[in-house]
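Asks: Sharing a structure below in structure tokens format, with a few things to ask.
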Amino acid sequence: MTRYIFITGGVVSSLGKGLASAALGALLQARGYKVRLAKLDPYLNVDPGTMSPYQHGEVYVTDDGAETDLDLGHYERFTGVAARRGDNITTGRIYSNVIAKERRGDYLGATVQVIPHVTDQIKDFIGAETTDEDFILCEIGGTVGDIESTPFLEAIRQFGNEVGPENALFIHLTLLPYIPTAGELKTKPTQHSVKELLGMGIQANILLCRADRPIPENERKKIALFCNIRPERVIAALDVDSIYQVPVSYHEEGFDTQVLAYFGLPTEGKPDLSRWTSIVERVRKPQGEVTIAVVGKYTSLLDSYKSLAEALTHGGIANNVKVKLDWIDSEIFEDESAVQRLENVHGILVPGGFGSRGTEGKIRAAQFARERKVPYFGICFGMQMAVIESARNMAGIVDAGSTELGKPGNPVVGLLGLMTEWMRGNSLEKRTEGTDVGGTMRLGTYPAKLVPGSKVAEVYGTTDITERHRHRYEVNVYYKDRLEKVGLLFSGLSPTQLPEIVEIPDHPWFIGVQFHPELKSKPFDPHPLFTSFIKAAIEQSRLV
């Protein structure tokens, strides 16, 4: 029998429901249970694919090509369970499905309403595709009291009643602010949040209280009294130095024990947290430090590059070093003298992005790395900019550019040729300039073949790989021979000969990839490209 755990949040947003869900999933796994995590997002977008990174943060892409919330990245990094399209639903998708059913006549002339039609659609999502999981953890986005979240809260209330309290647990994450002038943690915001949730028919069974210090026993009992919860089920979610310390911290607070006790499951014995204690030890006691410059467009909101930052941390864990990230807006390098800021970094990474703003700065960063022999890692747009730089300054194609940015004389990157169609499984995908923007990129996992003896083949330890993609433009294979003659190697190609990886053999470490390797990296299984990149940065640190 599958059991369901619903995680809601109150008081303020950004308390860490996604991390809390991921950490609980990891703890249940460590006790031998099989888990899956899902996210209900209350916005009206069908998916976050067309949302600004400044508003939403990164878009996390799954193997099956879904553009999803960044919390699914936390789920996958903590549990190792590959996320899928069905693990993230939005209000927009729910309403689209309901309206499509109404147009087909599925409701047989009924007046279509939020209750029961929208809530039924949400419940169908929660219960869909369950196989042999012991637990389904379902995070509800937003904060209790938000208008947008109301249908989701009503749906999980109904769902809990339908499966019975023995199979449904409601966890509420709140904030316990410390007021220095009073010298104490204040419980009133938590009390009001629980009351708001109760007004929607949901009694929280466990309270997870975010705090910067331990909760005194008298305060714990006070919360329990006013929130109608047992004192032992008021759990402190303490601030920690590393997010990978959260599972260990939660276990020490008894979180997983109380979850199992609620369901009447055995609580004896300890979970195997050795992988987490080992990771935390490496994070706390690194043997050195390297500085990586991340030259991007959205550096004022670091959530735009959440998986990337974590993957670099994973590379540091694998090499037992601390990775210090220097976030640089690529626009500053459009002033040629500003590139000197890169003089003392040990590696340069140019991540993905869209549009023309800051592109010349990215090209200049790639040029600096190539000419100064600094390790360079270009991801998606960062690979394309590196190829344009090589075309201009190595092959002499001075008007090389991308059709994404205008109409260059030589479209080294563009929506053209092979990039207008490709195979996905047994179906042919086609794109044109007039295709809708949402959900039409090359998305999800695709295979590639690596050149034997190349740097990337050495890094991967194989010549056959699969990686996740999210892009609309591609390096134009027409220029392949011309660029290879001047020292750029196309070391990875798709089965239909789309360029996937480029490298410069005559360079300590210069690799560009069209895909997003950061999406598959985990703290206990770092992606080989990030491990190798940080290793190269360590070597560079000895030269600077």
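Every residue, even glycine, has its Cβ placed from backbone N, Cα and C.
According to Swiss-Prot, the protein carries these features:
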ACT_SITE  Cys380  active site, nucleophile
ACT_SITE  His516  active site
ACT_SITE  Glu518  active site
BINDING   Ser13, Asp146, Ile147, Glu148, Lys186, Thr187, Lys188, Pro189, Thr190, Gln191, Lys222  CTP binding site
BINDING   Ser13, Lys186, Thr187, Lys188, Pro189, Thr190, Gln191, Lys222  UTP binding site
BINDING   Ser14, Leu15, Gly16, Lys17, Gly18, Leu19, Asp71, Val240  ATP binding site
BINDING   Tyr54, Gly353, Phe381, Gly382, Met383, Gln384, Glu404, Arg472  L-glutamine binding site
BINDING   Asp71, Glu139  Mg(2+) binding site
DOMAIN    291-543  domain 'Glutamine amidotransferase type-1'
REGION    1-265  region 'Amidoligase domain'
Asks: For Val240 (ATP binding site), what is the tally of other C-beta atoms lying within 10 angstroms of its C-beta?
Replies: 13
Asks: Suppose we draw a 10 Å sphere around the Cβ of the residue listed as 'active site, nucleophile'. How many other Cβ atoms does it contain, all chains included?
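Replies: There are 22 such Cβ atoms around the residue listed as 'active site, nucleophile'.
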Asks: Check the Cα distances from Ile147 (CTP binding site) to each of the recorded positions Ser14, Gly18, Cys380, Glu404 and keep only the ones within 10 Å.
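Replies: Matched recorded positions: none.
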Asks: Within 10 Å of the Cβ of Pro189 (UTP binding site), how many other Cβ atoms can be counted across all chains shown?
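Replies: There are 15 such Cβ atoms around Pro189 (UTP binding site).
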Asks: Specify the nearest of the binding-site residues Glu139, Lys188, Val240 to Arg472 (L-glutamine binding site), where nearness means the distance between Cα atoms.
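Replies: Closest by Cα: Glu139.
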Asks: Of all the recorded positions given, namely Leu19, Asp71, Glu139, Gln191, Glu518, which is spatially nearest to Tyr54 (L-glutamine binding site) at the Cα level?
Replies: Asp71
Asks: Measuring Cα to Cα, how many angstrom lie between Ser13 (CTP binding site) and Pro189 (UTP binding site)?
Replies: 13
Asks: To the nearest whole angstrom, state the Cα distance for the pair Lys222 (CTP binding site) and Ser14 (ATP binding site).
Replies: 25
